[in-house]
Every structure is written in structure tokens, then in C-alpha cells.
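> Before anything else, here's the structure in question.
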Amino acid sequence: MTKTLPKDFIFGGATAAYQAEGATHTDGKGPVAWDKYLEDNYWYTAEPASDFYNRYPVDLKLSEEFGVNGIRISIAWSRIFPTGKGEVNPKGVEYYHNLFAECHKRHVEPFVTLHHFDTPEALHSNGDFLNRENIEHFVNYAELCFKEFSEVNYWTTFNEIGPIGDGQYLVGKFPPGIQYDLAKVFQSHHNMMVSHARAVKLFKDSGYSGEIGVVHALPTKYPFDANNPDDVRAAELEDIIHNKFILDATYLGKYSDKTMEGVNHILEVNGGELDLREEDFAALDAAKDLNDFLGINYYMSDWMQAFDGETEIIHNGKGEKGSSKYQIKGVGRRKAPVDVPKTDWDWIIFPQGLYDQIMRVKADYPNYKKIYITENGLGYKDEFVDNTVYDDGRIDYVKKHLEVISDAISDGANVKGYFMWSLMDVFSWSNGYEKRYGLFYVDFETQERYPKKSAYWYKKVAETQVIE
């Protein structure tokens, strides 16, 4: 049976400042930790990325032509406050006013994120969100944006608090490149969630119009053998690290006893302790019912197997299938069933995981109000032929994920939109430019845009709300 989506459903495309804008030092923009980190550790930089800083009118015109009626944009904190605090950079403010005006001119609703992996260098080198001073700096930055950009109707505090802690302190592929420090992972998650809560409360108390929420990456975790209690436990612990800890903070305003039992076990095995304060929980509790929406970024699921050994994580950054490894002491290791498809970057393709995650939020956090799928898409080594890309694999991936969203809506979940990652090809943090996701192919030499086959398919779905 052909599935459909509601008439008012948003068919969006997603971007992020550092991955799309380029212009990393233009018009007074301050440095971010990624600038030097990429220079020192990788074979690419974010200059000029997709040159969105200059070419946003082209991308928004294409959006309008191809039925994309929502766009995720992030504000680069260091364009507004070059050092994260202090003097405001008027050119940065002007740029975003112009960008949002163009969005509205093209009837593409901007969903605006305040922080998408790009803390200003001056604050990042001072401990980033492990330093509690950063909470105050973030709230001040948020307040300025809420006041200044009243034309924005949808705000998101953070993009992917989970992968930030994970990338910075567990896998070590994000600056500062620390590995296997689980106490830092949880502390980073916690302090960022407190920052989120404080910003949401300020937004509501100040009476700003519009809506506010947060975007969490929520990869679904399954036991490799559902009949083996040790595998079930491994999946539960892995879920706490990546999902439950931050979801509890968002919607319970505290960490459930079961969550804290898991956290304490992980820290007992791996070392370290957390600094969780009374005022933190007061802030979390005050915001737990104020989130207007939850953004879910979903790309993949994982299967977990019990494992007794040392932590070892190998990141597959070059698309060499089968080269990744993930095992955490006291938690478990990832081991996928052989029949589940994977991308070249070892990302597991499992649309059912998105359905299960949406229904989990609905069941476990009934005070959620609505959900947007704020990122979902397929990273590919696209072949550019005849001025396009015949990306049938991407179409199939998106189609299957839209179908399970339709199922979730039928089963009572309030899902209001979908943002494909990414609108156009962008720079990928730890994979460079080979891993493409866009609806529009970008020739990074000339910065020309070319609609892929998926763009024409997406346009038809957006126009008809019929998934076929």
C-alpha cells in the first residue's frame, strides 16, 4: 500500500554553518577549534566548503523550485561574538538578517540552530562545555540572538549534544581529540543540557514569539541476541551513553534511577566522577515541559554484544567498508547481524530503528509535544554523470525512512516534518568532501550546483505528500 504524509508536513533540507558557509575568517568571524584541528590532523579544511556564505541565494532559489519548504541553518557563534563573548560583530549579525530574509522571500522556513559543533576557539580551548563558564556565555549568546533575530520562528539550542561529547572525548575525532574518557562525555552532555534548559527558560520567560527545542542524534540500540541478558544489558548501557541520559535531561528534568545506575556502573569500570549540582537540576526541571519540539537526527542503528575487554574504537573516515571497530569496557561491543546493509562508512541502514526511536520517545516521554526528523540521509561516493547523479540508493533510503515516519504518525506519534541531510553537498567533519549527502550536487572546484535524481523525486513527494 502506498503511504502518505500530512498536508502540512515540512519537507526540508538541512545545513550547518561550518559545513556549508566557508568564509571561515571573513567579515570579522572569529576562529573555531576546527580551523586548526583540521589543518593539523586531516587532509582537508572547511574552506570554502559549499560557499553558502555567498551562494545562499542560489541554494534557496533551488529549494523553492524543488519543493523544499524548510531549511535547517545554524548561526556561527563566532560570527556574532568572535571570541564567544564581549563585543558583537555587526557584519555577522547583518549576514544572518540577510540570509533569513532570503529564506522568507523564497517561502523556505528557517529552523535556526545556535550551536552546531562550532564553539569559538577562545572558549573551546578553555575547556568548552566542561567549563561551567561556557554555560553563561552560551546563554548570553542565545539571548542576543533571540532579541536580534525576531524574524526567526523556530529555534534550536544545540545540534547533537550526544555526538559532541562522543566525538570530543570518546572517539576522539573532534577537537580536542581526547579518547575513551567517559566521565568527560557525560559531563559535557550534562553541562550542555543545562545550557539548553537555561536558554529555553529565558526564551519563554521573555515572551519571545516562535518555538524552541533541541536536536538530538538518537541511534537505536538493539541487543545482538535478544535472548541473552548480557547482550540486553550491553544495549541498555550503550543507549544510556548515546540517548537516555540526554533524553532524561530534556523531558524528565533529572536522570532516572535506572539511568544513573548505568552511568555509575560505566564510571566505576572506566574511572572518573561527575559534578552534578542542585542548581543544574533546578534548571533542567524548570525547562522539561517547555520544549516546543524535539528534533531527531537518525541515520543508523547498532546491535550490541556483551564484551569483556579493553576499550578500542576505530573510526572509518575514508569509506573503507569494514574498517571500523567499537568496543567499550564494561559496556559492550557493536556487532551487526550479517543481513543488515551498511554504507561504505559502516553506517547501518535500518529504517525500522527510526520508527522504534520515535515510538520510544512517545512512550517514555509523554510530555514531548511534537517531533521533527531534523536529519536523515545517505552518505555516498556520488558519481557525477551528464550533469547529475543517478542516486537511486539515496532515493530508496529516504523513501523507506519516510514510510516508517508515515507509520509512526498512523500509530499516534506527532511528527511534523523531515529535513534531508543535506540540502546541497557539504563538507563532512571527519570525512572531508568525498562523502556526499546533498539533493544538489556541488562541484567544489566551481561551486556550481546540479540537482540529483533524488531532488526530482523529493520534489514530487513534497508536492503530493505521497511516498512512491
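Cβ coordinates are placed from backbone N, Cα and C, and glycine is handled just like the others.
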> Hey, Swiss-Prot has D-galactose 6-phosphate bound by HIS116, ASN159, GLU160, ASN297, SER428, TRP429, LYS435, TYR437. Any idea which of GLN19, GLN357 it lists too?
GLN19
> Across all the protein chains here, work out how many other Cβ atoms are within 10 Å of the Cβ of GLU160 (active site, proton donor).
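Taking all protein chains shown, GLU160 (active site, proton donor) has 25 Cβ neighbours within 10 Å.
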> Excluding near sequence neighbours, so keeping only residues 6 or more apart in the same chain, what lies with its CB under 8 A of TYR437 (D-galactose 6-phosphate binding site)?
GLY377, LEU378, GLY379, TYR380, MET420, TRP421, SER422, ASP425, VAL426, SER428
> Residues with Cβ closer than 8 Å to the Cβ of TRP429 (D-galactose 6-phosphate binding site), same chain and 6+ apart in sequence?
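Listed in sequence order, they are GLN19, TRP34, PHE117, GLY167, LYS173, PHE174.
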> Using Cβ-Cβ distances, find the residues under 8 Å from GLU375 (active site, nucleophile) that belong to the same chain and are at least 6 apart in sequence, listing them in sequence order.
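Residues satisfying the criterion: ALA14, ARG72, VAL215, ALA217, GLY295, ASN297, TYR298, TYR299, PHE419, TRP421.
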